[in-house]
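Undergrad: Dropping a structure here in structure tokens format, bear with me for questions.
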Amino acid sequence: MLTRLKAKSERKLAKQICKVVLDHFEKQYSKELGDAWNTVRDVLISPACWQYAVLLNRFNYSFELEKNLHLKGYHTLSHGSLPYHPKSMQCYLSRTPDRMPSERHQIGNLKKYYLLNAASLLPVLALELRDGEKVLDLCAAPGGKSVALLQCADPGYLHCNEYDGLRFRWLKQTLESFIPQPLVDVIKVSELDGRDLGDAQPGTFDKVLVDAPCSNDRSWLFSSDSQKAACRISQRRNLPVLQIELLRSAIKALRPGGLLVYSTCTLSKAENQDVISEILNSYSNIIPVDIKEMGRTCSRDFTFAPTGQECGLLVIPDKGKPWGPMYIAKLKKS
């Protein structure tokens, strides 16, 4: 009986995979990732083995929740081994596909935890946020990385921007669900075109995060409309142009000496390494920051593919480590 149910469940999941997208990924990623693509594909097409990390909310800490996670066999994300990992940011990972239920949004009540792909925390940690700094999260929706930044430190000013109207409302709700009123007062939430923000606020920020719009591999694989999926794929080649424009704006918004982190949730070299190479070739005052050490210290929890860049890491989904895709690149403005 259990075997029949499992087979039925697997057939149902298999039907949901968009063949147009999978075929496109097969051609591209088998070239870019080589033999590693076979394992990555097996994880991406099997949502039953996906996991969600549990990021505790320091503004509504629950000892009972933390104790319960320990009892379930969860462990903390590389605590103490990273060059920058504030104790206030507590994220728990499971070695098995255990699913915590998501909490409902209730006005006036802060949520105790945020569920996320654990690889999403690497861009946040790479930014090395300190108390009192001015920070820009240029493409902030749905708000997970903004929430994670606020687990690390108390910025002097945090500007969360999101151009898409629907995602902008989602971002606002996320912040309301996790952040207490005194901190909300130092957060600005805007609905601007990120490409214009650098001109509007030049040299303003100590740190800038550009979690760019990208061809989100996980969600694209399960597109229900194959015509829309085919249209997305044909428009995919335009994404690096947008990503480069967003980075140019971010560089303008960054003060000299400031740090910029670029991230995507795609495996695509054109949207990752090639975008960063274009930026480095275009600016004499933008310096790559070596983050290989982050890859070494996080290898217990994540699998990385070679990027050919000291300033870039690529997390690829693996069996038992289903996190990613997530590309992270770190730059400094001189």
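Quick reminder: no glycine exception, Cβ is built from N, Cα and C everywhere.
TrEMBL: automatically predicted annotations, no manual curation.
Reproduced below are the annotations present in TrEMBL:
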DOMAIN    44-334  domain 'SAM-dependent MTase RsmB/NOP-type'
BINDING   Cys139, Ala140, Ala141, Pro142, Gly143, Gly144, Lys145, Glu162, Asp193, Asp211  S-adenosyl-L-methionine binding site
ACT_SITE  Cys265  active site, nucleophile
Undergrad: Could you state, as a whole number of Å, the largest distance between Cα atoms of any two of Cys139, Ala140, Ala141, Pro142, Gly143, Gly144, Lys145, Glu162, Asp193, Asp211, the listed S-adenosyl-L-methionine binders?
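TA: Spelled out: the longest distance between any two Cα atoms in Cys139, Ala140, Ala141, Pro142, Gly143, Gly144, Lys145, Glu162, Asp193, Asp211 is 20 Å.
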Undergrad: Compile a sequence-ordered list of residues in the same chain as Asp193 (S-adenosyl-L-methionine binding site), six or more apart from it, whose Cβ lies below 8 A from its Cβ; state 'none' when nothing qualifies.
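TA: Those within reach of Asp193 (S-adenosyl-L-methionine binding site), by Cβ under 8 Å and sequence separation of 6 or more, are Tyr163.
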Undergrad: Can you tell me the CA-to-CA distance separating Ala141 (S-adenosyl-L-methionine binding site) and Cys265 (active site, nucleophile), as a whole number of Å?
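TA: Cα of Ala141 (S-adenosyl-L-methionine binding site) to Cα of Cys265 (active site, nucleophile) measures 13 Å after rounding.
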Undergrad: What Cα-Cα separation, expressed in whole Å, is found between Lys145 (S-adenosyl-L-methionine binding site) and Cys265 (active site, nucleophile)?
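TA: Taking the Cα atoms only, Lys145 (S-adenosyl-L-methionine binding site) lies 13 Å from Cys265 (active site, nucleophile).
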Undergrad: Quick one: give me the count of other CB atoms within 10 A of the CB of the residue listed as 'active site, nucleophile'.
TA: 21
